[in-house]
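Novice: One structure, as structure tokens, below. Some questions next.
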Amino acid sequence: MSFSFQNHSYIRSYFITTALFLSQYFALISCQYVSFTNEKKNHQSLFISSFVFLEMSYALETHTKAKEQIGSLPEITPGSENDTVPLIQLGNKIFRDINLSANRIQACVTCHPLDGRSAGMDRQSTSRGTFGQLGKRNTPTIFNIGFSSVLFWDGRRNTLYEQAIDPFVNPLEMSLSSESELITRLQNDSSYQNFFSEAFPNDSNIDIHKVRLAISAFERSLISISRFDEFVNGDLYRFNQQELYGLNLFLELGCNHCHSGRTLGGNSFSKLESPEFYNPNDLGRFEVTGNPNDRYVFKVPSLRNVFLTSPYFHDGSVTSLKESILRMNSYKLNRSVKDSEIELLIAFLKTLSDRTKTN
Ligand code: HEC
Ligand code: HEC
């Protein structure tokens, strides 16, 4: 097991765990040698000590697997080295500005609410655009989006920089007529002048490149750390028994073959095994590539915050986590998920929620 010497909380929990281990070990040994006069009591304490000992070894073993096979989120996203605070603040302002939709009533934050208990999506099956027009796909959360290399359900974009302007001119979303209309609106709003000159001190002319930089910097700042990360970083007491079982089950079933890496998804595609369950008019990645093999191929979503982001799937067709997991039986798992196992998986998935958005 390796750990960084700079990471004090890790070292602390590592010591606590080791100390607990040793104390259990000595308790076990001493139980075997104390006088025979109180035999019944000794048996009891031996039993309790062995139980705690086994529980701790199970937690430690699960922790090692989680660290190797999933991993925790780092505190910064790749590519964020040059993201300054003023750049992120500019991105935040643009993200929340309703004046940047055709009829001035919708902003990015309308469909991707971030504040309070909201987890980066609006909890609609499919969202409505600024004129009330119904979209065809479920809005994904944008928390931790800086760690994904596949963007949109069909993967039509690979970087946040490329993706940043799409929603403004998408006729199902904010419906501006063109990129230049976006720039004109920003230029005509004097409240932006300071923001642009703070973010770009050498040349504060408003252009599309700068808007892309600001929005993507803001999106990269949306990291959401969970209890699971604390567990992987060494705080073994953050998980109860059910959550440990759930995590083991997740790995045993092979959920992480598709929902892979520390984001538990978001970086690969998979073909729907039972397309008849879904909206037949959405051909997924085929709509981008035209390749017949890409029919019904969709992005594997990240499972981070999944407990907070119902309804599920690219068409938002399922509201319960239970049913979503049952549907995974039609995918390539190591074996099928039993009804009795679903509660354990849900207990684990709940630990992936942002710390500040749950009790
Ligand atoms: C009308 C609701 C709506 C608005 C407004 C909106 N989005 Fe989205 N967003 C969506 C939907 C729906 C998708 C998925 C679309 C798809 O996959 O085809 C999405 C996808 C995304 C993604 C990719 C997420 C992923 O997991 O692949 C990012 C990033 C994003 N939006 C950022 C933004 C930004 C930035 C704005 C404002 C400029 C914005 N959105 C405005 C509904 C909206
Ligand atoms: C073969 C690949 C694959 C495997 C294995 C897999 N999944 Fe999925 N999972 C997907 C795809 C693809 C989607 C999205 C499908 C869609 O949008 O229609 C998905 C969606 C989900 C969703 C809904 C998430 C959301 O935000 O919409 C949950 C929950 C989920 N999977 C849990 C699991 C669990 C738990 C396991 C293990 C029992 C598992 N998955 C195994 C590919 C897989």
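Note that Cβ sites are derived from N, Cα and C of the backbone, with glycine treated the same way.
Under the heading transmembrane segment, TrEMBL lists 12-36. Taken from TrEMBL, the feature domain 'Cytochrome c' covers 86-353. If you look up TrEMBL, you'll see CYS108, CYS111, HIS112 marked as heme c 1 binding site. Marked as heme c 2 binding site by TrEMBL: CYS255, CYS258, HIS259, MET328.
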Novice: Setting CYS255, CYS258, HIS259, MET328 aside, what same-chain residues sit with their Cβ within 8 Å of the center of the Cβ atoms that define the heme c 2 site, listed in sequence order?
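Specialist: Checked against the 8 Å cutoff, the neighbours are LEU253, GLY254, ASN256, HIS257, GLY265, VAL300, LEU303, TYR331, LEU333.
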Novice: Just the number: how many Å between the Cα atoms of CYS108 (heme c 1 binding site) and CYS258 (heme c 2 binding site)?
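Specialist: Cα to Cα, CYS108 (heme c 1 binding site) and CYS258 (heme c 2 binding site) are separated by 29 Å.
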Novice: Across all chains shown, how many C-beta atoms besides its own are within 10 angstroms of the C-beta of CYS111 (heme c 1 binding site)?
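Specialist: Taking every protein chain into account, the count is 22.
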Novice: Could you please provide the mean pLDDT value for the domain 'Cytochrome c' (86-353)?
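Specialist: Per the prediction, mean pLDDT sits at 96 for the domain 'Cytochrome c' (86-353).
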Novice: Among the binding-site residues CYS108, CYS111, HIS112, CYS255, CYS258, MET328, which have a Cβ atom lying under 6 Å from any atom of ligand 2?
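Specialist: Correct list: CYS255, CYS258, MET328.
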Novice: Between all pairs in CYS255, CYS258, HIS259, MET328 (listed as heme c 2 binders), what's the biggest Cα distance, rounded to the nearest Å?
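Specialist: 11 Å is the greatest Cα spacing among the residues binding heme c 2.
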Novice: Consider the binding-site residues CYS255, HIS259, MET328 and say which one has the Cα lying nearest the Cα of HIS112 (heme c 1 binding site).
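Specialist: When the Cα distances are compared, HIS259 comes out closest.
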Novice: Reported as an integer number of Å, what is the Cα distance between MET328 (heme c 2 binding site) and CYS111 (heme c 1 binding site)?
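Specialist: With the alpha carbons as reference points, the distance is 27 Å.
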Novice: Based on a Cβ-to-ligand 1 distance below 6 Å, what subset of the binding-site residues CYS108, CYS111, CYS255, CYS258, MET328 would you report?
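Specialist: By the Cβ criterion, which requires under 6 Å to ligand 1, the hits are CYS108, CYS111.
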Novice: Distance between CYS111 (heme c 1 binding site) and HIS259 (heme c 2 binding site) at the Cα atoms, whole Å?
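Specialist: Here the two Cα atoms lie 24 Å apart.
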Novice: Can you check which residues sit near HIS259 (heme c 2 binding site), meaning Cβ under 8 Å from its Cβ, same chain, 6 or more apart in sequence, and list them in order?
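Specialist: Those within reach of HIS259 (heme c 2 binding site), by Cβ under 8 Å and sequence separation of 6 or more, are GLY265, VAL300, PRO301, SER302, LEU303.
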Novice: Long-range neighbours only, meaning 6 or more apart in sequence with Cβ under 8 Å: which ones does CYS255 (heme c 2 binding site) have?
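Specialist: The list for CYS255 (heme c 2 binding site) reads MET328, LEU333, LEU345, given in order along the sequence.
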Novice: Using the Cβ centroid of CYS108, CYS111, HIS112 as the reference point for the heme c 1 site, which residues of the same chain not in that list have Cβ within 8 Å?
Specialist: PHE95, ALA107, VAL109, THR110, PRO113, MET121, ASP122, THR139, ILE142, PRO167
